[in-house]
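Peer 1: Dropping a structure here in structure tokens format, bear with me for questions.
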Amino acid sequence: MLLRSAAGIPAVVFTTYAIYLLSVLSTSYYFWNYRNHPGIRSRSIQLTFIGVVASFFLSSVYLVGPLTQFLPCFITLWCGSVLTPIVLLTTVGKFLRVAFLYRTSLSKLKAERQRLEEQKERHKVSSVSSQRDEIFEPSDILLDIDSFTNTKEAIPTEVNNSWLHQNSYIFEDRFLIRILGGFTIFHILVTVVIQCLTQDYSFSAPLRDDCLSGWEYFPVYVAGSCEIFVLGPIVIQYIRGVTDAYNIVKELVALVLTTGVGMCIYLIFAYIPPVYDVRFTVPVGVWGFVTLWNIHLLNCGLPLMEIYITNRRSKNLPRDRKHPSFEEVLDHPVLFEKFKAFSVKDFSVENTLFYERYVRLKTTPSFLVKNFLTRGLPNEIQNELLTIYNTFIREDSEYQVNLRGETLRELDNRIQEKDLSICMFETALTEVKLLMYQHTFKRYLQQEFQTIGGLGNHGYASHEIIP
């Protein structure tokens, strides 16, 4: 092949590979360091790294393989046939996981609002009603105020919440990885059959440069095309109406488009005779390498850039009174409802619902608890404390919030010992407020600032706190 005789080409290739290796290691390192950040955690760390590892080995074979004397063709066949589906299917798994997170968050918010509306309709005076309930009643109209959150396309609360909760295991990493393993085993079996039929890619076949084109790759290309051009649009259609605060959906759509375009270019240069001559200068594997590099940057580099931009924008927000402070948002009924609507896109609606539920309990009318020191907490309050624990605190609860281990153990012990008090969730409340402030509130302000930032200094006039 002329590539071998072209002076300087191997040096360029290995320099490119060194730069690629540095980018993969650095982005993967920082991606792992930020694994507890909601924007990273929502992307499914396990699926992402499975795709990263598969992409790394496959791209190495694509770029360096044609220049090495020791890489047999059967290795390129096995890498292409087994690793390519893994790279594609991890993207599909992330699609499904994001759709699940969004729809469960939305169903939780709607279920809580429905619960409050039912209390209002029954005209029951609850022992845990607060001053907020007397001033303001939640309404789905407030979700329509937030143009980025669409509740009209949501499934009815009862069906949506029940089905998602009962089948939530489908969207967990463990189950998705098992499905991925099943597809991988299928491709391994297909490759074994091909290995038995082929001559050019047999274990004893002589070494050659052009190992990346042949009929032996047709099964994986057909499967990959189905996953990209058939399954991809189906999944994209499924997540229509899903919006998130971390641009994960846009990232995944970009992944599908990048993969589809890259695969088409690769197949053109690998199997279309009029462009065969290009392969003597630019090997076919280069197109696959470039595609996989872009996929990695979208998987790991783009989320890190999103975090960096978010942190920078939060520091550059105007320090004036045209937009509310964190405490003002929590205290003002209308702003808090909009904040809850935004938390659906942030996949952190559990935090806002826990805060609202516990604060409502803490503001219980004094005539219900004025004598609790002598005769114990009223049964209504004890029941509400247990409900809050079972709903938001207990491990594997439907609305479980993210708390420190020692906080969970302390609350578990208090529940077991029946040591109930109105202040028992104070530590949990502090941790949840910190999470809301550090992540959700900053993005909430940025969205509001960007949405009406073009209005100049008066952009936040509608957000001024009404006395």
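A Cβ is built for glycine as well, from the same backbone N, Cα and C atoms used for every other residue.
In case it helps, TrEMBL gives these features for our protein:
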type     : residues : note
DOMAIN   : 325-449  : domain 'RGS'
TRANSMEM : 6-32     : transmembrane segment
TRANSMEM : 44-63    : transmembrane segment
TRANSMEM : 75-100   : transmembrane segment
TRANSMEM : 175-198  : transmembrane segment
TRANSMEM : 218-240  : transmembrane segment
TRANSMEM : 252-272  : transmembrane segment
TRANSMEM : 284-309  : transmembrane segment
Peer 1: Please report, as numbers and ranges, the same-chain residues at least 6 past the borders of the transmembrane segment (75-100) whose CB is under 8 Å from any CB of it.
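Peer 2: Distant Cβ neighbours of the transmembrane segment (75-100) are 42-44, 47-48, 50-51, 54-55, 57-58, 61, 65, 164, 168, 170-171, 173, 176, 179-180, 183-184, 187-188, 190-191, 194-195, 198, 201, 211-212, 216-217, 219-220, 223-224, 227-228, 231-232, 235-236, 238-239, 242, 244, 248-249, 252, 255-256, 259, 292, 295.
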Peer 1: According to DSSP, how is the domain 'RGS' (325-449) divided among helix, strand and coil residues?
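Peer 2: Counting residues per DSSP class in the domain 'RGS' (325-449), I get 92 helix, 0 strand, 33 coil.
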Peer 1: Applying the under-8 angstroms CB criterion, which one of 175-198, 218-240, 284-309 scores highest with the transmembrane segment (252-272)?
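Peer 2: The stretch with the most contacts is 284-309.
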Peer 1: If we skip the immediate neighbours and take only residues 6+ beyond the ends of the transmembrane segment (44-63), which ones have a Cβ under 8 Å from one of its Cβ atoms?
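Peer 2: For the transmembrane segment (44-63), the list is 13, 16-17, 20, 24, 28, 31-32, 35, 71, 75-76, 79-80, 83-84, 86-87, 90-91, 93-94, 97, 173, 176-177, 180, 212, 285-286, 288-289, 292-293, 295-296, 299-300.
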Peer 1: If we skip the immediate neighbours and take only residues 6+ beyond the ends of the transmembrane segment (218-240), which ones have a Cβ under 8 Å from one of its Cβ atoms?
Peer 2: 80-81, 84-85, 88-89, 92, 95-96, 98-99, 102, 153, 187, 190-191, 194, 249, 253, 256, 259-260, 263, 267
